[in-house]
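Sequence annotations record features per position, and here TrEMBL assigns domain 'Dihydrodipicolinate reductase N-terminal' to 2-103. Residues or ranges marked as NAD(+) binding site in TrEMBL: 31, 75, 76, 77, 100, 101, 102, 103. Per TrEMBL, the feature NADP(+) binding site maps to 32. The domain 'Dihydrodipicolinate reductase C-terminal' feature in TrEMBL is assigned to 106-239. The feature active site, proton donor/acceptor is assigned by TrEMBL to 136. As annotated by TrEMBL, (S)-2,3,4,5-tetrahydrodipicolinate binding site applies to 137, 146, 147. Summarising the annotation, TrEMBL assigns active site, proton donor to 140.
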Ligand SMILES: NC(=O)C1=CN([C@@H]2O[C@H](COP(=O)(O)OP(=O)(O)OC[C@H]3O[C@@H](n4cnc5c(N)ncnc54)[C@H](OP(=O)(O)O)[C@@H]3O)[C@@H](O)[C@H]2O)C=CC1
Ligand SMILES: O=C(O)C1=N[C@H](C(=O)O)C[C@H](O)C1
């Protein structure tokens, strides 16, 4: 297949390696310094674009692809306030958009485990308080991570009595909220831990990424899966978990 890479940082470069290992063609690489090339690209040369850039540029990159009818997989976090417009644009242009806050298989299994544990803990919500810690590398631009927000949504949907998340250091902790602590340390690909704490004990579940390869492989698999499809998709559509 012919892939267009948008964003050639840590993720873009890891994805390029996996695309080549799997026998795909990289027909173009768009980064900050040649971004204008995306406006003039011939859509017939691209089967699927994969976009990992930054919160301030994702919307514009995705919208440009969709308006050209290019199917696109995006993993950029921190821009989802505009996701509704992107979904409408996908439909208006009869094309395809795939989004996940985290493309790794392990994290997607962890998302399901998180929802199950939250449901189980609901019966004990008077005793246990939920909280979360996410740890990422120091170059990360957004906090909390997109994965942490998805995990918090899983708690909110399933743990009775919690209906919002708050970010430690920015928001005031509240009884009806799950507090997220965002820690930044050198070279950490991504760690997420959810805890339920009572006066006498604590239950923790934790996912630790050792490398970015899991995220990159998941994005490539999503791109292969998206080929010739139309519509709005996420990991639940691709994986049977
Ligand atoms: N969903 C998932 O599974 C995962 C999501 N992510 C997310 O993906 C995003 C990228 O992560 P990562 O690769 O580590 O970040 P990097 O900062 O390493 O790479 C981002 C790249 O995008 C480039 N860029 C900036 N602006 C534009 C633009 N307007 N058009 C095209 N390219 C641009 C940057 O160029 P320059 O350096 O010149 O600014 C840089 O090369 C982040 O939002 C991160 O949270 C990361 C891992 C997994
Ligand atoms: O910026 C990163 O590196 C990562 N971002 C994603 C997020 O915000 O959840 C996924 C992963 O944790 C790595």
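Quick reminder: no glycine exception, Cβ is built from N, Cα and C everywhere.
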At a 10 A cut-off on CB-CB distances, which of the recorded positions 32, 136, 137, 140 has the highest count? 136
Counting Cβ atoms within 10 Å across all protein chains shown, which of the binding-site residues 75, 146 comes out on top? 75
Using C-alpha atoms, which one of the recorded positions 136, 137, 147 comes nearest to residue 75 (NAD(+) binding site)? 147
Other than its own, how many Cβ atoms are within 10 Å of the Cβ belonging to residue 103 (NAD(+) binding site)? 27
Maximum Cα-Cα separation (Å), residues 31, 75, 76, 77, 100, 101, 102, 103 listed as binding NAD(+): 21
For the domain 'Dihydrodipicolinate reductase C-terminal' (106-239), what's the mean pLDDT in this predicted model? 98
